[in-house]
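Right, one structure below, let's go through it.
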């Protein structure tokens, strides 16, 4: 943080994570959510759960009847789906996502598909699928196959998301990982996070470059050690 803003000193900062839910990383197993929150607390972050932000101003954040003064606010909760969806005559959920059929189509047209974070699509457990890249990629391939095969609505199998696991990095040598029944946290999960993200980079040169920079930043305790190209 120092090189980016020399006027900021770590000892003068107070980092507060506000979440409206009962735990952070709700898509992960509860034990991993607890470990992630503990890791953040150990790093000096104040974690406020079940705290709904009702207003954000240049001077701070309103949380119910409480007030947190701040001039540096990072909003990472999203807002609503694209307003383009309002042009469709289709029902939406509270976040503005279109409620789709099992084949990802809208009720009034079997050839209009909605995918990714624009779609309210139920998973095997009956809960809406998260609006993340792995879901959108699988939905895109599914829709492409339907269009290529020119399947009628009666011939289409329902979309089924194959959960290949989740990873989340928390800080230096801290992460959580979940793959089916397998759970991991700490250094092991962090190393696996690094390997997976380097593997999916395009081009051997990019992989070598990112890996060498990560190793250098890790050894020298420099920030920006998880920058991807």
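Including glycine, each Cβ sits where the backbone N, Cα and C put it.
Taken from TrEMBL, the feature domain 'FAD/NAD(P)-binding' covers 14-140. For the domain 'FAD/NAD(P)-binding' (14-140), the mean pLDDT of the prediction comes to 91.
Here TrEMBL flags 164-219 as domain 'External alternative NADH-ubiquinone oxidoreductase-like C-terminal'.
Annotation comment: TrEMBL describes 187-204 as transmembrane segment.
The DSSP breakdown of the domain 'FAD/NAD(P)-binding' (14-140), given as helix, strand and coil counts, is 29 helix, 33 strand, 65 coil. Secondary structure by DSSP for the domain 'External alternative NADH-ubiquinone oxidoreductase-like C-terminal' (164-219): 29 helix, 16 strand, 11 coil.
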